[in-house]
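> Here's the feature list from Swiss-Prot:
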type    : residues                                                                 : note
BINDING : GLY13, LEU14, GLY15, HIS16, GLY17, SER18, VAL111, TYR112, LEU113, ARG114 : CDP binding site
BINDING : THR40, ASN42                                                             : Mg(2+) binding site
BINDING : THR98, GLU106                                                            : FMN binding site
Amino acid sequence: MDCGVFEGTVFSGLGHGSFYVSIYARNLRRALGYTPYPGTLNLRVGDAAERLAGCIERARGVRIEPPPIPGERLASVLAFPVEIEGGVRGHIVRPEITVYKGDVVEIVADVYLRDVLKISDGDKVRFRLLDP
């Protein structure tokens, strides 16, 4: 599957990514083969959201089940392999429950992507989906 390259604008999220990545860390490690940095890189893809959604629908994602935490309402997460500019690999994560609209992409990796890519809010980042 080759959907081409997408571009998104970096933005600071609500700060929930680090919390949830930490909670799901063991299951993410088991499913993805690495321990993700505790946080997500948030990108707004704007007009490309519909094309990206179509590509994600056709992609084979990995379902990551939530850990059992009494009293918490957690949902599954779908993860899709991605290559970010500069050859850095990670996964787009799509939680079944989210506060974000369809134009937002959250990416996890085993490194702190903002440092590795030397990016900050407002910068553009290019990425592409990979076959698993």
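Glycine is treated like the rest: Cβ placed from N, Cα and C.
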> Out of THR40, ASN42, which of the binding-site residues is least crowded by other Cβ atoms within 10 Å?
ASN42
> Check the Cα-Cα distances from GLU106 (FMN binding site) to the binding-site residues GLY13, ASN42, LEU113 and tell me which is shortest.
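Result for GLU106 (FMN binding site): the nearest of the binding-site residues is ASN42.
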> Taking the Cα atoms as reference points, how far is THR40 (Mg(2+) binding site) from VAL111 (CDP binding site) in Å?
10
> Highest Cβ count within 10 Å among the binding-site residues VAL111, LEU113: which residue is it?
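Per the Cβ count, the most surrounded site is LEU113.
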